[in-house]
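These features come from TrEMBL:
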ACT_SITE  A:ASP7  active site
ACT_SITE  A:GLU68  active site
ACT_SITE  A:ASP141  active site
BINDING   A:ASP7, A:ASP141  Mg(2+) 1 binding site
BINDING   A:GLU68  Mg(2+) 2 binding site
Number of protein chains: 2
Amino acid sequence: MRVLGIDPGLTRCGVGVVEGDIGRQVRLVGVGVVRTDAALDVANRLAEVEAGLESWFDEYRPDVVAVERVFAQQNLNTVIGTAQASGVAALVGARRGLPVAFHTPSEVKAAVTGSGRADKAQVGAMVVRILKLASAPRPADAADALALAICHLWRGGSSNRYAAAVARAKGIA
Amino acid sequence: MRVLGIDPGLTRCGVGVVEGDIGRQVRLVGVGVVRTDAALDVANRLAEVEAGLESWFDEYRPDVVAVERVFAQQNLNTVIGTAQASGVAALVGARRGLPVAFHTPSEVKAAVTGSGRADKAQVGAMVVRILKLASAPRPADAADALALAICHLWRGGSSNRYAAAVARAKGIA
């Protein structure tokens, strides 16, 4: 089961790909960010988000997509742009017929650190330990995307098994 | 100058197309809604929004797109879905190389009624008068999309003239 995690943003989307199965070691497959040109208007930045994510999907062929859930109460200056980017991220996954799950930041923190209130440094440190990395991926959005993908793999349980069965039935896994 | 106005929503996007130039009568070209299946998850509903809007763009070939601007302070239960749908709407326009403008609800109300605090009935009545219609388009989202397109045409001024010049230079107007 290969999960592509996306930490959405209009300026920068973190992207992390992990592979694993229940009871197996989780493995890092790819990590990075999709950046957009700050000189462009919102619509063209969303087109850059789409094009950038499409390359990740093309290269890594995930079985499932996990996107960070955006809340209306988050930073009022950026929440609309973040929600727009999250919509484009979900769209790219759905258009490919992939299951798209949303997880809240506290679900992600709880899954990887055991506490829903862990800070960024704790999440980064746990991502390093879980994936046996030499150091935390930079920028933080990239580490967050990996944490999101790990969270999906671990929380998935029956829904992961269902997605895996669907993938097998389609002859793609 | 042909303007496609989009009142975004996850359940229903209002779509209205008008044509006009500065100092000329504004003409209704098309109006309706893109609906999504409430039984689908968010990602698949966004894919339906994309597919539905693509048909409108294919059929009506607008020169410019006007999308209602979403604010973080709007209805907390629906604002994230509305923002996601607005992101998909802007994306579809940008991908076609069209200028995409955002207007706030009060800009739209002020443009068509003279008051930024007009209610839905007043906006609908003015849309009927401006476009010389027999009755207000239903549902309200459709009338709102027309008001948005009219607002863009009237407020556009120099930016409309610029978009028209670009369209002419590309040999498409």
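Each Cβ is built from the backbone N, Cα and C atoms, and glycine gets one as well.
Structural mapping of features recorded in TrEMBL.
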residue: A:ASP7; record: active site; DSSP (3 states): strand
residue: A:GLU68; record: active site; DSSP (3 states): strand
residue: A:ASP141; record: active site; DSSP (3 states): helix
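In the structure as shown, the Cβ atom of A:ASP141 (active site) sits within 10 Å of 23 other Cβ atoms.
When the alpha carbons of A:ASP141 (active site) and A:GLU68 (active site) are compared, the span between them is 11 angstrom. Around the Cβ of A:GLU68 (active site), 27 further Cβ atoms fall within 10 Å across all displayed protein chains. When the Cα atoms are compared, A:ASP7 (active site) and A:GLU68 (active site) turn out to be 5 Å apart. The number of other CB atoms found within 10 A of the CB of A:ASP7 (active site), across every protein chain shown, is 30.
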